[in-house]
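Worksheet: the structure to be examined is printed underneath.
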Amino acid sequence: MSSTIPYLATELLLEIGERLGLRDLCALSCTCRSFHAIFTLSLFRRVRDSLETCLWHVMRNNNSVGLLKYLLDEGLPVDCTVTGADTRVCTLLHFAACCGSEALARLLIERGANISAAVTSHSKPLVQRRIENKAELVVAYEGWTPLHCAASHGHEALARLLIANGADVSAADHEGWNPLHHAAADGHDVLAQLLIANGADVSAVDTEGTTSLHLAASHGHEVLARLLIATGADVSAADHEGLNALHLAAAGGHEALAQLLIANGADVSAADPDGTTSLHFAAADGHDAVARLLIANGADVSAADLDGETALHHAAARGQEVLARLLIAYGADVSAATLDGATALHHAAARGHPVLARLLIANGADVSAVDQEGQTVLDYAAWGGHEVVAWLAGGTQL
């Protein structure tokens, strides 16, 4: 029976449609272009009082300009808001921008849509729904304009259309992110280039002092970082926590990006307000390639933060054996103590890293060392609940 449905006369199809529920009618309409054309008017006449149902039918169909035009002609306000997670939050143009539908956006702009409208709500993600037959999520947050949506989702053509119609490339959302921040965070280098060419400030910061270069660095977007640097981004700029782009690249293990930053003048010895250097960050997360790069460019393996912790302390605490071997090979002091008197061996013991402990002992770590309160390595192991036998496995008496 189902195989014969496409060959039925339009009148019979409409008769069938009249007997279907709204959900089934929507589903049938989406199965092929011919059904889509046949059921459009019937469908929308039946749901004309349900804005959101109409909208979602429009947005999940690739060729839905005619449907949207019908809705607008029937009196749908071009700047009406649509329900998101729990409140009325954004306009049709936001949806078009997030979905990347240039044709829908163009129609809305022609009908006078507010190009600068911002999403408003007190909730978190305001729109987060899966579009049928698409892998992407449509997400919009408070303060986003349609250009933020296009930039975040990498829709270059749509961003170009919005800018050509007056969209503000410097508009900031409630976290201070402008469209360039979004393009940088998501690695949309072509879109970032478009924004910069139209006046986006590569040095603009959000409410936490984060620049677009910080975002590109933390996410490992080398091409985008190169573009930002070439157009004037400051590689030494720090956010409100004192973190610069190299700190973020090192923490993320992005070797190529770290190399790019160093080649453009980033200081490998720069520390945040706590005294933490890029080498500390690389050591803590076991990024040995980045650590090797930093050391090759002059990073001090003995540098200590304000608590007296060296990169080796960080590696020992996290059980980063390869990184610890690298640091020791480059002269890291296995006996260096923090302000509390704890050595790297204390850290390894406290967190139950026997392999790391044996490595430190094999390289001269003092198993009898005590901290400022007289606590031994064995005391630290006991505090952490680690069985003594684990520490005796290598034959060393603690």
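Glycine too: its Cβ is placed from the backbone N, Cα and C atoms.
Annotated domain 'F-box' per TrEMBL: 8-48, in sequence order.
Look at TrEMBL and you will find 91-120 (among others) tagged as repeat 'ANK'.
The repeat 'ANK' feature in TrEMBL is assigned to 142-174 (among others). Across the repeat 'ANK' (142-174), mean pLDDT in this model comes to 93.
Under the heading repeat 'ANK', TrEMBL lists 175-207 (among others).
Annotation comment: TrEMBL describes 208-240 (among others) as repeat 'ANK'. Listed as Cβ neighbours of the repeat 'ANK' (208-240) (distance under 8 Å, sequence separation of 6 or more from its ends, same chain) are residues 175-176, 180-181, 183-189, 192-193, 196, 202, 246, 248-249, 251-252, 254, 256-257, 260-261, 264-267, 270, 272.
Among the features that TrEMBL reports, repeat 'ANK' is placed at 241-273 (among others).
According to TrEMBL, the repeat 'ANK' annotation covers 274-306 (among others). Away from its own ends, the repeat 'ANK' (274-306) comes close to residues 242, 246-247, 249-255, 258-259, 262, 268, 312, 314-315, 317-318, 320, 322-323, 326-327, 330-333, 336, 338 of its chain (Cβ-Cβ under 8 Å, at least six residues beyond either end).
Listed as Cβ neighbours of the repeat 'ANK' (307-339) (distance under 8 Å, sequence separation of 6 or more from its ends, same chain) are residues 274-275, 277, 279-280, 282-288, 291-292, 295, 301, 345, 347-348, 350-351, 353, 355-356, 359-360, 363-366, 369, 371-372. What TrEMBL lists as repeat 'ANK' is 307-339 (among others).
If you look up TrEMBL, you'll see 340-372 (among others) marked as repeat 'ANK'.
Away from its own ends, the repeat 'ANK' (175-207) comes close to residues 141, 143, 145, 147-148, 150-156, 159-160, 163, 169, 213, 215-216, 219, 221, 223-224, 227-228, 231-234, 237, 239 of its chain (Cβ-Cβ under 8 Å, at least six residues beyond either end).
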